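Pulled from Swiss-Prot:
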BINDING   29, 49, 130  substrate binding site
ACT_SITE  84  active site
ACT_SITE  109  active site
C-alpha cells in the first residue's frame, strides 16, 4: 500500500498567520488571557481529549470550549500555573481554508497551595505531540481544535487539576 504524502504547500503569509495563532493559543493558556483566546478560535471546534481521560467533541461551540478551558477546575484556577512550550512543527494543507498543524509540546504545570503563589503543592508536566486544526473564517486563520497524543508525563501530572480543588 502506498502512503499518501501530505500536502506541505503553504503560502508564506498563511504560514506566518498560522504560527501567530499557535503562539497566541499557547500564550493565552499560560497568561489566562481568555479574551485573546476567544479572539483566535473558530465558531466550532473539534476537541479530542480521549488521551487525557475525557471524550471527543466534533462540533464544540466556541463558548463551550471557552467555558471548559477557563473553568476553575481546569486552567482558570489561579493556583495552577502553566507553560505550554512549543517544539518543532509541521503543517499539512487540507484545503485553502483548512490546515492541520503537527506540534511538539511540553506543558509544564505547577499547583500552588494558595493564591500567593509562594508554596508549590505539586507539579506535573506533559510531553505530547498535538494535532491542531486551523480553519480560515472570513479570511482569517482561527484555531479550530486539537488532538493531543501523550508521549509521557513527569511527576504528578494526573493530579494537577484534582489537586487544585479543596480537600474534602
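Placement of Cβ uses the backbone N, Cα and C atoms for every residue, glycine included.
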Check residue 49 (substrate binding site) against DSSP and tell me helix, strand or coil, would you?
coil
Calculate the distance in Å between the alpha carbons (Cα) of residue 130 (substrate binding site) and residue 109 (active site), and round it to a whole number.
17
Have a look at the active-site residues (84, 109) and report the one with the fewest Cβ neighbours inside 10 Å.
84
Neighbour count, 10 Å Cβ-Cβ cut-off, for residue 49 (substrate binding site): what number do you get?
14
Looking only at DSSP and grouping its letters into three states, which state does residue 29 (substrate binding site) belong to?
helix
At the level of the C-alpha atoms, what whole-angstrom distance separates residue 29 (substrate binding site) and residue 84 (active site)?
8
Rounded Cα separation (Å) that holds between residue 109 (active site) and residue 84 (active site):
9
For the substrate binding site, please report the maximum Cα-Cα distance among 29, 49, 130 in Å.
16
Other than 29, 49, 130 themselves, what residues in this chain have Cβ atoms within 8 Å of the centroid of the substrate site's Cβ atoms?
84, 105, 107, 146, 148
Quick one: pull the CA-CA distance for residue 49 (substrate binding site) versus residue 84 (active site), whole Å only.
16
Let me check the 10 A CB neighbour count of residue 130 (substrate binding site). How many other CB atoms are there?
21
